[in-house]
């Protein structure tokens, strides 16, 4: 997963920890999968995997399917989880998370 940035086992454990609807916490998830401890460069590399349409931004529909990027077959985030995740990361209020906003969110 993630081109060697994160261990598959760590990603699977992070996804498993938020299997229940409305149990997703981005801070807990980033810590459990190991992303929050990575360098800004590695965090930017992870951004590319999540930005599925390659727009340079992570939009709401990409956040909804966020867990599936870490582990195939994972659940979609609920609308409430997705909106809270977007609100936490979208510091300039443009409705999407840019790469610098992403680094700040992961390191928060």
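Residue numbering: from 1, along the chain as shown.
Cβ coordinates are placed from backbone N, Cα and C, and glycine is handled just like the others.
Under the DSSP three-state reduction, residue 59 (Ca(2+) 1 binding site) is assigned to coil, being neither helix nor strand. Its own atom aside, the Cβ of residue 59 (Ca(2+) 1 binding site) has 16 Cβ atoms within 10 angstroms in the protein chains shown. Annotation comment: Swiss-Prot describes 51, 53, 55, 57, 59, 62 as Ca(2+) 1 binding site, evidence class experimental evidence.
What Swiss-Prot lists as Ca(2+) 2 binding site is 90, 92, 94, 96, 101. Annotation for residue 92 (Ca(2+) 2 binding site): same-chain Cβ neighbours under 8 Å, separated by at least 6 residues, are 98, 101.
Sequence-distant neighbours of residue 33 (disulfide bond) (same chain, six or more apart, CB under 8 Å from its CB) are 6, 10, 11, 13, 14, 70, listed in sequence order. According to DSSP, residue 33 (disulfide bond) sits within a helical segment. Sequence annotations record features per position, and here Swiss-Prot assigns disulfide bond to 11-33.
Taking Cβ pairs closer than 8 Å, the domain 'EF-hand 1' (38-73) reaches residues 1-3, 5-6, 11-12, 14-15, 18, 24, 79, 82-83, 85-86, 89, 94-99, 102-103, 106-107 in its own chain, all 6 or more past its ends. The domain 'EF-hand 1' annotation in Swiss-Prot covers 38-73, and the record cites sequence analysis as its basis.
Sequence-distant contacts of the domain 'EF-hand 2' (77-108) (same chain, six or more residues past either end, CB-CB distance under 8 Å): 21-22, 24, 26-27, 30, 35-36, 38, 40, 43-44, 46-47, 50, 55-60, 63-67. Annotation comment: Swiss-Prot describes 77-108 as domain 'EF-hand 2'.
For 1, the entry in Swiss-Prot reads N-acetylalanine, with the evidence type experimental evidence.
Comparing C-alpha positions, residue 51 (Ca(2+) 1 binding site) sits nearest to 96 among the binding-site residues 90, 94, 96. Listed in sequence order, the residues 57, 89, 91, 93, 95, 97, 98 complete the 8 Å Cβ shell around the Ca(2+) 2 site centroid, once 90, 92, 94, 96, 101 themselves are left out.
It is 94, among the binding-site residues 62, 94, 101, whose Cβ has the fewest other Cβ atoms within 10 Å in the structure shown. Local packing around the recorded positions 11, 96 was summarised as the count of other Cβ atoms within 10 Å of each Cβ; on this measure the leading residue is 11.
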